[in-house]
Amino acid sequence: MILPLFPSPKNPSSSFQNTRRHLLKSDSKSSNPNARMRLYDDLLLNGYYTTRLWIGTPPQRFALIVDTGSTVTYVPCATCEQCGRHQVVKLIGSRISFNQDPKFQPESSSTYQSVKCNSDCNCDKSRVQCIYERQYAEMSSSRGVLGEDILSFGNQSKLVPQRAVFGCENEETGDLYSQRADGIMGLGRGDLSVVDQLVEKGVISDSFSLCYGGMDIGGGAMVLGGISAPSDMVFTHSDPVRSPYYNIDLKEIHVAGKQLPLDPSIFDEKHGTVLDSGTTYAYLPEAAFVAFKNAIIKELDSLKQIRGPDPNYIDICFSSGSSNVNVSELSKIFPTVELVFGDQKKLLLSPENYLFRLLLKVVLEVSLGSIRFEFNWEFCSVLNVHYVSNNFLHVILIKHSKVRGSYCLGIFQNEKDPTTLLGGIIVRNTLVTYDREHSKIGFWKTNCSELWERLHRTGGQSPSSSSSGKDNSTVESPTTSAAGGSSRYALPGEIQIGEIRLDMSLSINNSYLKPRINELTDFIAVELEINASQVRLLNFTSEGNSSLVRWAIVPSESSTYISNVTAISIISLLAEHRVKFPVTFGSYKLVQWKVKPNSQQPWRQKHYSTVILSIIIVIIVGLSASAAWVIWRHRQRNINSYKPVHVAVPEQEL
């Protein structure tokens with residue numbers, strides 16, 4: 001998906017006004033809270049990243065594409081008859097879960113207000129309500145009315161819910177109609193942008209950050225408001241007057257340390273070099289693309305060039321010769337690429353920042369009710385949605401072999417458009433800070449799946465030196481025993497946590513809870529923003545009309561432990577009742593929590609005795625074999641040395 005490169009009409013409700021208003025002082029970054037939000041999805045399967053936004057009272061949740069190229073946040077309205085049926089397909093264990101996201105229902109929110117027609121907006125034909133309309137470069141569009149309600153930013157947010165204006169869609173076309181995501185969260189420059197509205201209220205500093213997960217992980221993190229920039233973050237100037245988008249001052253591109261023979265002005269044509277989180281890949285002007293492509297091919301002359309996934313497009317793809325190449329090892333095969341900015345600062349791009357993996361072709365066809373989804377992982381997106389007559393769930397999985405260990409360029413020619421457009425692939429595993437207050441954008445290479453832990457490493461003791469690591473004692477606390485404040489959840493030093501045990505009391509009886517326990521497990525995983533496989537039910541018992549449930553939160557499959565930051569976040573969310581249960585599960589209370597250190601020792605420690613014993617056995621067996629051989633040779637010598645008395649014996653010297 002490519003989002004968007006069509007400027008909005010110049011009218012009072014346009015997202016692009018003359019220049020940015022800087023409402024906050026430079027020291028506001030440290031005094032204002034921020035909204036810390038998790039990102040979902042990835043470029044491979046979806047072509048975009050989403051976050052979760054809650055709108056209204058009570059909150060209605062939506063999955064929205066985070067898009068720095070859009071300036072309006074919008075969701076499907078309950079009255080929309082030309083909106084797609086956006087669905088979330090989740091694999092939980094061996095079960096496939098299908099959830100159709102509901103549309104926003106204004107009448108169900110006690111805090112919703114329509115934005116009445118005024119001189120500062122475009123009005124509907126009857127001149128009653130303000131309306132919006134947005135068109136995108138891939139020819140999709142969104143139209144609807146403007147409303148105002150309370151926006152909530154999730155459990156990790158330090159920013160309290162805020163009133164803001166958003167779009168309630170009455171019509172979707174193109175990719176916006178068929179995509180899984182419910183809508184768009186506009187982070188661009190303009191009065192209707194969520195960022196601009198929060199800045200104008202003075203509740204956040206004029207900055208936000210995005211961190212997209214890597215090639216094998218996906219997900220990531222987002223922060224609305226300021227953060228303390230890492231000391232080695234690379235900044236470049238971003239001129240808010242240059243274009244309505246987020247520009248960077250790109251001057252050169254280097255491949256394998258060699259500068260491409262290009263005039264720097266090529267990156268400053270039309271809209272300049274635009275950083276757009278809603279675009280999947282990167283797009284260069286024709287001359288820049290040809291130079292880049294030729295440089296890559298020259299560096300990879302030893303690799304076999306193969307056909308790409310799309311027969312209608314000539315992709316530049318290579319076979320690495322191995323099906324088990326780890327992402328971290330790609331730099332041994334593919335060259336590094338550097339983006340050089342106006343001040344000669346450089347952003348290093350690893351192969352995952354300009355390549356996409358050519359997988360086995362996997363087609364998943366899902367029929368639910370009257371809609372059929374066809375997911376094609378060779379093309380890395382949802383191909384189409386069309387109607388069928390079946391009224392039951394139907395899933396067909398088709399696999400078709402393709403060349404293993406193959407990668408294609410994720411940088412393309414931008415047709416005849418001279419704009420340089422850098423999409424999400426360029427900033428995978430990169431924290432990008434849009435410091436609008438100081439007109440600059442910063443880049444910091446990191447593992448975005450561990451962003452919070454990396455940002456909070458401020459010189460504390462390492463796990464190996466921590467006194468808490470001397471034994472495997474359980475850290476335990478009733479939630480009511482400590483004084484207020486975050487210190488009640490403090491853990492004794494940095495420990496590698498193997499399990500968080502939670503005792504929870506629910507105000508529903510055991511017989512009612514039992515058939516719904518799996519649903520509750522999935523709900524807790526979603527609210528705590530962890531994988532469903534990490535939430536394990538240990539037991540639940542009856543206490544009169546209430547139930548006592550014991551859960552265990554364990555590390556994800558890709559990790560061996562839970563960090564302190566994550567553990568404290570999970571405990572505080574439940575202890576402070578920031579997780580809101582559905583009415584069907586009643587109210588809850590976190591009675592007690594326990595934290596168990598990771599019992600998994602390093603391999604050498606865990607298998608030390610086994611290794612030593614194996615060595616001893618090998619030595620004993622070796623000595624025994626040697627002794628047996630010596631004895632055998634001695635006996636053979638005695639046999640061979642025996643001669644009858646009448647046989648002549650050769651003379652031997654002493």
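Note: Cβ is positioned from N, Cα and C throughout, glycine not excepted.
Not measured: the values here are computed from a predicted model.
Residues or ranges marked as active site in TrEMBL: Asp67 (among others).
TrEMBL lists Asp276 (among others) with the feature active site.
Taken from TrEMBL, the feature compositional bias 'Pro residues' applies to 1-10.
As annotated by TrEMBL, compositional bias 'Polar residues' applies to 469-484.
Per-residue confidence over the domain 'Peptidase A1' (49-444) averages 85 (mean pLDDT, predicted model). Residues annotated as domain 'Peptidase A1' in TrEMBL: 49-444.
Per TrEMBL, region 'Disordered' is recorded for 1-31 (among others).
According to TrEMBL, the region 'Disordered' annotation covers 457-487 (among others).
Positions annotated as transmembrane segment by TrEMBL: 608-632.
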Discussion item. Cα-Cα, whole number of Å: Asp276 (active site) versus Asp67 (active site)?
Written reply: 7
Practice prompt. Count the Cβ atoms, other than its own, that fall within 10 Å of the Cβ of Asp276 (active site), considering every protein chain shown.
Written response: 26
